[in-house]
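Chemist: The following feature annotations were taken from TrEMBL:
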- 23-50, 429, 431, 498, 525: substrate binding site (BINDING)
- 302, 331, 333, 380: Ca(2+) 3 binding site (BINDING)
- 627, 629, 653: Ca(2+) 4 binding site (BINDING)
- 14-121: domain 'PH' (DOMAIN)
- 131-166: domain 'EF-hand' (DOMAIN)
- 167-202: domain 'EF-hand' (DOMAIN)
- 469-585: domain 'PI-PLC Y-box' (DOMAIN)
- 588-729: domain 'C2' (DOMAIN)
């Protein structure tokens, strides 16, 4: 942890000391467990009372939020209201269940929450250099078996294994002797630092820095401008260079002379704003005043499910996690429940049931923490008339004025409002008893009395009973799809169809331009095939290519399809809304992603990627002897003509590169054009729809490769030049210190 920031901090000391907390699993299972922060200031330790079970730990990096109260599903179900002030819970980024806890007093609960929030926030704000140092330090502590702050030769070898480096005994002995200046047979203090410096040597940075450090071994401001303009393809001035030196140069003497050292240069390259994602695209940068249907919208299928579609648990946690990931369209399958309370579950299966009102409360509380833009509640309504009324009351009372229950304009709308106009609002997608136009026609008529004949008509009476819920459906009325011609002729703009993935893909392949035009004026929602009982996913890209806005995926399932979804919505402030290209917002568009007839969408580019190095790759196998043999893939997703995949050769036991243990690829020849294994070229014809995915696998010649990490981003958000690529784990969470180092060039094709 950043010792300068928190050393001696009372909150940190409180966690390091630890204390007893009541862990809650059920109404009858509440056990006292001792919790404390380990010396690495990153790992939480919890004792276990089970004879054969090791004491449990979890990383603070895996914590999404720490919250006071008993709002979690488990605490509401398993505790009484009188302990509300003593309760708190931890939400994890991974699929791990919430940790529900009770402190001995309200003051103690607040202390735990405040302390953990501070330390987690501090971890999240560490620079890349600090994260790398923190990772190395934690591995050093783990390797120091006898906790004497010295490393013996066997502990050094254990340390190398922990950081994914395999070396032979001869090299190990040479490295150890080189660092053991005191000849004590162990490494301590400065000797360990020397050992660390050898391990973190970045030869490829030396090569690049050496090309531009033309001022007494340093980079001057002008040298830095030359690097930024020539290599990074950035418009840079001396003022920009001075700002970079001021921000990143750690040596005060060099900073005073307006010089950038190699350490300062590396700190700059490791800063998020200098990485592969265009920093201008991190915040909301697109026009958010277009009609809602002109955007791709991050969408979830059967959001309530934590696992499979047949027998797994339903939970409000699943909604919270989806919303935290920027999801803006969630699904609620509603069925009659006991005590006149509707429930949500996957009907006619063994999935567990949760209360509709608890889901609405969870959505209300977490909807706008990641994004302020509107959330669509997609209702799959199987409830009786009576419980539909309960649903309407719950949504009205819990969501209040944030729920859209009438058009934003006074008269009958002719188009969708914009995400900007709908900030902080909820919209209902579902069945409606009549056309929205009929409501305005009725309001204009003088005859508002209900006749005796109407009262006696059972069907009309039922409709009256469901009117409260029906009237909440304004901009997303669910209807059946017959054909594009029928939709154009008979459907209003707000009437939308849902398509099973198979039918949608067929339409996208056989009637691509018609589908694109349909989605210029109306909405389409796509959902996974019913055969995907394991909650697997489908590739969303062909549906985005057809202009479909709501392409719903199973958010609970880590997979390439979810990686691509995360990449699509990585930009624009992670708002969950991405503006479709102009050629997909024109009612007369001729764009066809299959045939690619000529038009404004054809902007043929050539993408050059050179894979240079990788740092701090985590071990994916728990075997002590297992070392990652990295294989790097670069893929392009987009229209069929753009889809491509290329990969490097696997690098066996990468740690054996003795002079560069964290560096896998050929540095000395990095500027040569004849390195085929790490130089890739791609043709991209429709860059506005393309995505680029970098992934690393642990190569295995006998079985399937193991996934290590990946990063996906829109093609038009790539930065050129020498760039670090951060990596996400299989759950879509950032690997704190791991990364790729690449060179990117995008050129107009001849």
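Cβ atoms here come from the backbone N, Cα and C positions, even for glycine.
Burial and contacts for the listed features, if you can.
Modeler: Counting only residues at least six positions away in the same chain, the Cβ atoms of 331, 332, 333, 334 sit under 8 Å from the Cβ of residue 380 (Ca(2+) 3 binding site).
In this view, residue 629 (Ca(2+) 4 binding site) is surrounded by 20 other Cβ atoms within 10 Å of its Cβ, with every protein chain counted.
When pLDDT values are averaged over the domain 'PH' (14-121), the model yields 88.
Residues in the domain 'EF-hand' (167-202) partition by DSSP class (helix H, G, I; strand E, B; coil) as 21 helix, 2 strand, 13 coil.
Residue counts for the domain 'PI-PLC Y-box' (469-585) by DSSP state, with H, G and I taken as helix and E and B as strand, are 49 helix, 20 strand, 48 coil.
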Chemist: My understanding is the cutoff is Cβ-Cβ under 8 Å with a sequence separation of 6 or more in the same chain; which residues meet that for residue 27 (substrate binding site)?
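Modeler: Correct list: 77, 78, 79.
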Chemist: Based on DSSP, tally up the residues of the domain 'PH' (14-121) by helix, strand and coil.
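Modeler: So the counts come to 35 helix, 38 strand, 35 coil.
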Chemist: Please report the distance from the Cα of residue 302 (Ca(2+) 3 binding site) to the Cα of residue 43 (substrate binding site), rounded to the nearest angstrom.
Modeler: 33
Chemist: Considering the binding-site residues 23, 31, 429, which residue's Cβ sits among the greatest number of other Cβ atoms within 10 Å?
Modeler: 429
Chemist: Once 302, 331, 333, 380 are set aside, which residues in the chain still have Cβ within 8 Å of the Cβ centroid of the Ca(2+) 3 site?
Modeler: 301, 303, 304, 332, 344, 346, 378
Chemist: Over all shown protein chains, what is the count of other CB atoms within 10 A of the CB belonging to residue 35 (substrate binding site)?
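Modeler: For residue 35 (substrate binding site), the count of other Cβ atoms within 10 Å is 19.
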Chemist: Out of 43, 302, which has the highest number of nearby Cβ atoms, where nearby means within 10 Å of its Cβ, if these are the binding-site residues?
Modeler: 302
Chemist: Whole-number Å only: compute the distance from the Cα of residue 23 (substrate binding site) to the Cα of residue 629 (Ca(2+) 4 binding site).
Modeler: 40
Chemist: Sorted by position, what residues of the same chain at least six away from residue 39 (substrate binding site) have a C-beta under 8 A from it?
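Modeler: 16, 141 - these are the non-local Cβ neighbours of residue 39 (substrate binding site), listed in sequence order.
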